[in-house]
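Below is one structure, written out as structure tokens; the observations come after it.
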Amino acid sequence: MTVEMILHHHIASVEKLALTTSGCPLVIQCKNFRIVHFIVPRERDCHDIYNSLLQLSKQAKYEDLYAFSYNPKQNDSERLRGWQLIDLAEEYKRMGVPNSNWQLSDANREYKICETYPRELYVPRIASKPIIVGSSKFRSKGRFPVLSYYHREKEAAVCRCSQPLSGFSARCLEDEHLLQAISKANPVNRYMYVMDTRPKLNAMANRAAGKGYENEDNYSNIRFQFVGIENIHVMRSSLQKLLEVNGTKGLSVNDFYSGLESSGWLRHIKAVMDAAIFLTKAIMIENASVLVHCSDGWDRTSQVCSLGSLLLDSFYRTIRGFMVLIEKDWISFGHKFSERCGHLDSDPKEVSPVFTQFLECVWHLTEQFPQAFEFNEAFLLQIHEHIYSCQFGNFLGNCQKEREELKLKEKTYSLWPFLLDDQKKYLNPLYSPKSQAVAVLEPNTVSFNFKFWRNMYHQFDRTLHPRQSVFNIIMNMNEQNKQLENDIKDLESKIKQHKNKQTDGVLTKELLHSVRPESPTLKTSLCFKEQTLLPVNDALRTIEGSNPADNRYSEYAEEFSKSEPAVVSLEYGVARMTC
Amino acid sequence: MMFFFLFSVSGNASNPEFKKKKNSECLLRLRHEGLLNSCPAGVASCPASSCPFRSPRSPRLKLLESALLLGPRPTAGGMEFSELIRTGRAQAELLRGPGAPPLRGTLCVTGHHLLLSPGPQATSDLWLLLLRSVDSIEKRVAGDSGTITLRCKDLRVLQLDIEGVEATLDIARSIEALSSLESVITSFPFFYRPKGLRLGDAWHFHPPEHYYKRVARETNAWRLSEVNEDFSVCPSYPRAVIVPRAVDDDALARSARFRQGGRFPVLSYHHAPSGTVLLRSSQPLTGPQKRRCAEDEELLRAVLAGARPGARGFIVDTRSAQAAKQARMTGGGTEAKAAYPGWKRLHRPMERGRPLQESFVRLVEACGDLEQSMDRWLSRLEGCRWLAHVKEALSTACLAAQGMEREGACILVHGAEGTDSTLLVTSLAQLILDPLSRTMTGFQELVEREWIQAGHPFQLRCAHSAFSHARPKHEAPTFLLFLDCVWQLGRQFPLSLEFGEGLLLALFEHAYASPFGTFLCNSEKERCLCEVRTRTHSLWSGLNQPKEQRKLRNPLYVLNPLAIWPSVEPQSLRLWQGLFLRWTRPPEPSEAAWEKVWQIVTDKEKTEGSQPTVSASEPQP
């Protein structure tokens, strides 16, 4: 008997289907792509469950979210230490700023210039405060160009901002100066790239609303480039289409691929990846600084800046480094997590899987470079889980200012220390940090390198997964190797001691056993853990999750055995559940 | 210069520039290449070594010629290789695709190979290509040089830039003529004498008796029949087959007359845990008159009687009900329900023949286009339907396996001829159910028994690969589809197969073009006539050499005594990149990762191995 739990915050939608003879079907779709079907025998119960779930899954206030009541039994100082684990000032120091060209600006210390930026911002040393203020007035939501990543060796910078309020002809001298300051802060290359991550058409349409993009004639030494990533609405409906296709029962191979194609999902993922590669090449090959923006500079810009940094800097490919990257480019720079993830009952048009796309791009990189990342797929999935779970404070709110007002650091816990405690689960056993070949990643974005991420979008559909995990076994082997090596050392030192003492061998033997009494069973228990309890000659045994009845091999299944849905008990009585 | 003697051998024997010194140097190189053996034993056993050469030569040269197999050996039609070789050599540059540096040197065409010898100061080795593995050739000339594009059966694309227009055209014509020779006994396996292998080794590894011994240990209901000893009852069956003990040879012969090509129902696999069997055959010749055959009916009745009591039977027909019915018009058909009590028919249509070949061709085409957009790629992947065929094959095999294991039923599989999709289903079902077939030797035995000896017409099916412009006649990538399905199983159960992707890739290559004799001919009968087993080397002895193991084995293998039920949902099936994109994507990261896995596993063995040493060194009282 196991207990399955679904967090209320994970529920994306609840649907009541037409009454059947066995009861009233209830379908719950979760944000972590889990789909659960319940059949509740009595219609009234079903209706009650339906209404309760609707209420529980849509909260109106932050204070009602799980994070505010979650209590992992830590005291205040432990909680605070958890929040201090990731320190962005430390991170900028690691990158090599402040330095002779870049400095910390106190312009936004009180969130006066830009509410959605963090308090601490790094800007070119020669950019004075009036220039910053002037530029911020010319940028959408005041998000003026600031440093996102500094490449120490190349002395080139990745900067980010929002679109200029240029309309058809407006210009702003301070903004032009600020961009010039950024290019001057690069001692090697005097020109810089301005990447507008939107499709050209969208950017042009924005001009009618008094926004738009930089006019190359007004800025000295810039090279302007569109990269064509679609907006949040396109991404939302693309994922919607993808999930619809995958939810189809008895999906054929052809419907799957035509659905994958028409959803456009992989095309969007490739666009994000191509943009990050463009950025990386500008820095590595041309030694040029890059300024990235989209419309507001918190969705596509975050994707491109963070993914670009990940390609450039192997630190971000470690477990801790990846946390830093998310804190820096996503949380601190105001990616609107609460709106994009629909944490509260708010505008559904603001919901979009922008961060999920970022995780998917990282997953594609881990597939192409299996030795370049310290973490594994489970780490990405776990982070994705908690973006929506509202169990920890990190992703609540839409910007740093809002988080401070919610007093998240006093009232909730940070996710990162919990992930670090569980680090073992998230390690990639093939990780080779010293390999020079992976210093800068140069992914190949030929179309056939992009695959459907089954383990994300079918996380809970166990029948679709591989039934044995290579990662687990290698992990175990690695651990065993370490343990055995320690044992050998241990034994050798003990033998030495005994030789010195000239005691008899009986004692030695006892000691030998006491060192590793469990080792003879290690090898056998390694990979079929789930089966060790079962007798060996039972013909009907299978590896967990692998059963012919689950796999629906044919329409003749009824000729053979029928699979019964599991019976579960809900708070309201007994129901049958199929996942 | 170095290869001039090759030229001389293939036509111009009296060239004054021939140098003995260079000759021995070359011999060394070839030996180094490991492909050509010059040891006297090899020469002695070479069947054609007695062929007279045109002119007397030094013993050393003779040795070399036997090794290189360039001698003017008569072919079946009296044609000589030398007549097909228009020019022996030219200066050329070889482009091998992304990742590999171009190679410059002297290009040579010999009877079976294309050789490129880099200049004397070059560090790289001699480059060799079996001409048989060329699938299509394309030539272009411009100015005073030309370009030949070779598309190989293993899906490699090679480009040769050759100096001289005449030389280009001549070399192209030579390759064209030599790569399409159809005679079996003049093919390279009959001349290939690798070092360290002895003729006849490994051929005796997997005779029908071998598998029968296993069956006999498990059940008494089956016997080994030699009714087909002279291949007269069924030309595509091996000389011995496993049949119900209760049925005598006369009845078998009569049942054979009722089945297309004489392929009467025989045992493919006995599943001991459930006491059920997997059988295969071809379609019954019911015809428009709905003919019946008492012996055939008796045979299937005996199958059920020999299985566990109360066992049912399922006939898995790999054609649609419609197609099976239509087959009656041409003399074929399917088992009538009333005639075979206890047996129920299931139709699982599977693609075969030309549509399957076209699917393969279209997939390879799509995989060769590096510039296409995401949408175009996905729509071509869908349009070629290859993965749909993978799904069909796997799910039909799973259905058969499920029937045996979960329902305790006997399963008979057939389509029309029973030499393609039938074998695909029976061999996959065994992999799913039988842990022994997932070992290195078990899998080789399975391929030998269920494909080679079972009469899959390899020579017809694998005559051309995906690049050939020739209109396909009998070509179909059924065996490749099998390998792909096995690869999918390996992906879903990464610890349960003792062999890795390396073995599957090797089998694909060798099925289409090989220096070994294993995949030659279409049936045991033909192999017998050509004396394949005595005059060529077996691929298995080549593969089972210790130096090959690291490439072929799965380091993570742990014996899994259970059935492995794969998911056949489209989300679980993947394109086999290691095969279809093998030559277009840079292999480094994944190869390095694999190397790391090996390292971890060998580390583990080392530390475990060192345990006893420590214990052994414990002080004695």
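Glycine residues also receive a Cβ, built from the backbone N, Cα and C atoms like all the rest.
TrEMBL labels come from automatic prediction, so no person has curated them.
What TrEMBL lists as domain 'Myotubularin phosphatase' is A:82-457.
DSSP assigns A:Cys294 (substrate binding site) to coil in the three-state reduction, placing it in neither a helix nor a strand. If you draw a 10 Å sphere around the CB of A:Cys294 (substrate binding site), it holds 27 other CB atoms from the protein chains shown. Per TrEMBL, substrate binding site is recorded for A:Asn231, A:Ile232, A:Cys294, A:Ser295, A:Asp296, A:Gly297, A:Trp298, A:Asp299, A:Arg300.
Look at TrEMBL and you will find A:Cys294 tagged as active site, phosphocysteine intermediate.
According to TrEMBL, the coiled coil annotation covers A:467-501.
Excluding the listed site residues A:Asn231, A:Ile232, A:Cys294, A:Ser295, A:Asp296, A:Gly297, A:Trp298, A:Asp299, A:Arg300, the same chain places A:Ser162, A:Thr197, A:Arg198, A:Thr301 with Cβ atoms within 8 Å of the centre of the substrate site Cβ atoms.
In the three-state DSSP scheme, A:Asn231 (substrate binding site) falls into the coil class. In sequence order, A:Thr197, A:Arg198, A:Ile229, A:Asn231, A:Val272, A:Ala275, A:Cys294, A:Val354 constitute the residues six or more apart from A:Arg300 (substrate binding site) in its chain with CB-CB distances below 8 Å. Note on A:Asp296 (substrate binding site): other Cβ atoms within 10 Å of its Cβ, all shown chains, come to 19. Taking the Cβ of A:Trp298 (substrate binding site) as reference, residues of its chain lying under 8 Å away and at least six apart in sequence are, in sequence order, A:Thr116, A:Arg143, A:Ser162, A:Phe333, A:Gly334, A:His335, A:Lys336. Its Cβ taken as reference, A:Asn231 (substrate binding site) is surrounded by 16 other Cβ atoms within 10 Å in the chains shown.
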